[in-house]
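**Q** Input: one structure, supplied below.
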Amino acid sequence: MQRVNLSTVSEFVLIGLSDAPEVRFLLFVLFLIIYLATIAGNITILVAMSTDTRLHNPMYFFLGNLSLLDILCPTITVPKMLEALLLDNKVISFTGCMLQLFFLIDVVGTEIFLLAVMAYDRYIAICHPLQYMNIVSLKLCAHLAIGTWVVGFFNSLLHSSLIFTLSFCDSNEVDQYYCDIPPVLALSCSPTYSRELVILVVAGVLGSAAFVVTLISYIYILVAVLYMKSSESRHKAFSTCGSHLTVVCLFYGTTICTYARPSSTYSPHQDRVVSMLYGILTPLLNPIIYSLRNKDVKCALRRLISHIRTLLTR
């Protein structure tokens, strides 16, 4: 049995966004506002969907799962970043770093698979509308949603175990504002080639499978929409799918740039910008994209706001 190398590093130091106190405070305020807006926006979407029976269908069930993931994703990384910016406390324990990386990969992986499931759901709704309720049953929705979370969990478990059974015996400065695969791998004093290869193959196979499902679904959707005779139907279909496609392009593009490449090409400054796009900006934009482009969600939000106002004026 192969002996596992144990790390001699007990903590890591996260290299923040800036060392200048005045810049750190401005960044703290900016990211705090973005984080609070993200949490508020996604919680509002969840409450609106759970309280409005008109939104109790498969499409909004999956959208609710997406909102939950968009709450978890920044919550894993942003609070520690805010602490570093405000208190200049950049230290994170080895266990804390391991958990942060595990939960981040879990959430990111789950969202990739969920976006593929949502694309399949839109394909059935547009290409087979008369059979939609029979095909996409509540049982299938539950199985698909649970499946995305389970696959995301085991994918993250594999990635995390490959990384944190390496030896870390020299530098402990993570060149990122949170623990992520590329910067942590760069710190290891063990050979990482075989593990990087496994990570790339697993991520490539799973990511490619999700991307292919999404791509094929939208090819069929596009063909079906072009054959629609009613301009109103085409507009409704493009409006519904346009929101999802915008999220898919933004999320897939940024995560592929981060994970689908060897650590030798790791660029700290570039990766910080890219990671902010999928880790901070995308969770903020998702509720805005879906609420502004979706008539049903906008109506549900109006009813929710009206109900809250009624309660406050009593």
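Cβ coordinates come from backbone N, Cα and C, glycine included.
Here the structure is a predicted model, which means the values were calculated and not measured.
In case it's useful when we look at the structure, here is the feature table from TrEMBL:
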type	residues	note
TRANSMEM	25-48	transmembrane segment
DOMAIN	41-290	domain 'G-protein coupled receptors family 1 profile'
TRANSMEM	60-78	transmembrane segment
TRANSMEM	98-120	transmembrane segment
TRANSMEM	132-154	transmembrane segment
TRANSMEM	197-225	transmembrane segment
TRANSMEM	237-261	transmembrane segment
TRANSMEM	273-292	transmembrane segment
**Q** Are there residues at least six beyond either end of the transmembrane segment (197-225) with Cβ under 8 Å to its Cβ atoms? List them, or say none.
**A** 109, 112-113, 115-116, 119-120, 122-123, 126-127, 151, 155, 158-159, 162, 181, 234, 237-238, 241, 245, 248, 252, 255-256, 259-262
**Q** How does the model score the domain 'G-protein coupled receptors family 1 profile' (41-290) in terms of mean pLDDT?
**A** 84
